[in-house]
Amino acid sequence: MESIFHEKQEGSLCAQHCLNNLLQGEYFSPVELSSIAHQLDEEERMRMAEGGVTSEDYRTFLQQPSGNMDDSGFFSIQVISNALKVWGLELILFNSPEYQRLRIDPINERSFICNYKEHWFTVRKLGKQWFNLNSLLTGPELISDTYLALFLAQLQQEGYSIFVVKGDLPDCEADQLLQMIRVQQMHRPKLIGEELAQLKEQRVQKTDLEHVLEVNDGTGMLDEDEEELQRALALSRQEIDMEDEEADLRRAIQLSMQGTSRNRCQDIPQTSGSHPTSEELRKRREAYFENHNSEVYEGKF
């Protein structure tokens with residue numbers, strides 16, 4: 001269905017998209033439709049002026065905004081109808097008594113224009129198949145012949161106004177190509193809003209996955225709770241290391257003192273009895289100072 005021309009929604013320019021999708025090409029721009037709207041406004045002003053430019057109705061009309069267009073890009077049915085007249089096309093209300101009396105099967109028509117709450121879109125036959133060319137869709141939607149009448153009835157039930165396009169539409173490549181072949185559509189095109197929501201959800205999921213992978217790899221940023229936990233563990237490890245170092249130092253001092261005590265005891269003669277005499281205590285003191293001075297002297301070299 002690449003040959004089918006399908007303008008997607010841009011701003012509030014659905015009237016432009018509706019016309020171009022109907023005619024299968026870039027036939028109208030916002031500037032051209034605005035020109036038609038201004039021309040209609042001027043014609044209405046001139047009709048109102050016939051009742052007197054000083055009348056209350058005329059002054060009220062001048063103060064009102066245009067009914068044919070607004071700043072958002074909306075255009076009225078009058079603008080669309082006048083634009084189609086350029087191509088010799090006419091709009092007839094589908095559910096009007098005059099048209100219903102004709103009892104024409106919808107599949108025998110060539111195209112419809114649908115409107116609901118300022119949104120316009122086209123349903124058109126290309127080749128031997130019908131397509132919903134709504135600009136809010138991501139692409140053309142195939143409508144079977146058996147479903148067409150039900151589709152239009154559903155639109156009417158939802159409050160849509162439906163207009164039959166009468167006249168010969170311009171030739172287009174898609175119509176010529178689809179006269180020779182029939183297409184099949186495996187998946188219904190999404191609404192643009194649905195596609196954007198899905199893309200957004202995919203981006204969020206991708207971001208979450210990347211975050212998890214980065215954290216597991218050790219390169220990701222930790223959240224505040226994880227950072228607090230890491231800091232607490234680090235402080236705990238530092239305290240344990242300090243306690244181990246202090247314990248090692250105490251043991252080393254103890255062993256050093258034990259070694260010095262053993263060496264000194266070997267040089268001090270032992271006497272029997274539990275209580276040494278004063279002479280023995282004096283000799284032990286002299287021996288201690290001699291050994292101490294000797295250790296200091298040797299340590300200087």
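Cβ atoms are placed via backbone N, Cα and C, with glycine included.
Pulled from TrEMBL:
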{"type": "DOMAIN", "residues": "1-180", "note": "domain 'Josephin'"}
{"type": "ACT_SITE", "residues": "CYS14", "note": "active site"}
{"type": "ACT_SITE", "residues": "CYS14", "note": "active site, nucleophile"}
{"type": "ACT_SITE", "residues": "HIS119", "note": "active site"}
{"type": "ACT_SITE", "residues": "HIS119", "note": "active site, proton acceptor"}
{"type": "ACT_SITE", "residues": "ASN134", "note": "active site"}
{"type": "COILED", "residues": "226-255", "note": "coiled coil"}
{"type": "COMPBIAS", "residues": "258-276", "note": "compositional bias 'Polar residues'"}
{"type": "REGION", "residues": "258-281", "note": "region 'Disordered'"}
Cβ neighbours of CYS14 (active site) where a neighbour is any other Cβ within 10 Å: 23
Fewest other C-beta atoms within 10 angstroms, as judged across HIS119, ASN134, which are the active-site residues: HIS119
Whole-number Å value for how far CYS14 (active site) lies from ASN134 (active site) (Cα to Cα): 9
Overall pLDDT of the coiled coil (226-255), taken as the mean: 57
